[in-house]
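Before any comments, here is the structure.
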Amino acid sequence: MTKEDPIVKALQQYTTCDVSDALIKLKYRNGGFLSGLTMWSPHRQEGATKIVGPAYTVRYVPLDDPRPKHPTHYIDDVPQGSIVFVSAPAKTPNAVYGGLMSTRARALGAVGSVIDGRFRDLQEQRDLHYPIFARDVGTAPPAELLKVVAVNVPVKLQTDEQEDMMINPGDYIVGDINGVVVLPKEMAEQALPLMAKQVEADAKMQVAIEGGMSFAEASKKFRG
């Protein structure tokens, strides 16, 4: 049994919003938010599903890219406790991830998959109760357009909303009903105490506001 990562354990109690609040305080861009990635399985933007784990990254590129195809199937090397993060070129109409990928990832102990692109076999994913966050769904497989050239390499978020937003292998990914955030692994120990402080302050603010205090007054009193 793999020893539990203490960072992953600590992050379990926080939402993606809590993580972003802490990263904003540390001046990390957009609070680590990865725009356009939302929950599709086990439900569509509903429920308490949350995934937390280090990123196992997969890079797809167009077939005419000169780099050779990765020699083995990435899904057979998914580390236990990880989150599979699949990067596909922007605006690819084909899906890059399907139900059998989740079946294998789940068997290896992955906690969920984040697809920066399209995925397919939505009902299969839901029947597995396997968490999927993605840009959209599709029906066609990727082989006519794309190939995998690397795993566990830095990948860039495929959106024009956030230029050069990177996900590095081992960075902590947190996904819930609010969306997906990346917590750079080198910032995790700094960020966690800030999350705790913010959550405590917000809890006190909520009680005070419910008791009739204004938001501005409560914010000044508890957030400083």
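Note that the numbers count up from 1, one per residue, in the order the chain is shown.
Any Cβ shown, glycine's included, is placed from N, Cα and C.
A quick note: this is a predicted structure, and the numbers were derived from the prediction, not measured.
Taken verbatim from TrEMBL:
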- G98, G99, L100, M101, R120: substrate binding site (BINDING)
- D121: Mg(2+) binding site (BINDING)
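Note on the binding-site residues L100, M101: the fewest other CB atoms within 10 A surround the CB of L100.
Counted within 10 Å of its Cβ, the other Cβ atoms near G99 (substrate binding site) come to 20, all protein chains included.
Those same-chain residues not listed among G98, G99, L100, M101, R120 yet with C-beta within 8 angstroms of the centroid of the substrate site C-beta atoms are A95, Y97, S102, T103, F119, D121, E124, Q125. Annotation for the binding-site residues G98, R120, D121: lowest Cβ count within 10 Å of the residue's own Cβ, G98. Counting in whole angstrom, L100 (substrate binding site) lies 9 from the residue listed as 'Mg(2+) binding site' by their C-alpha atoms.
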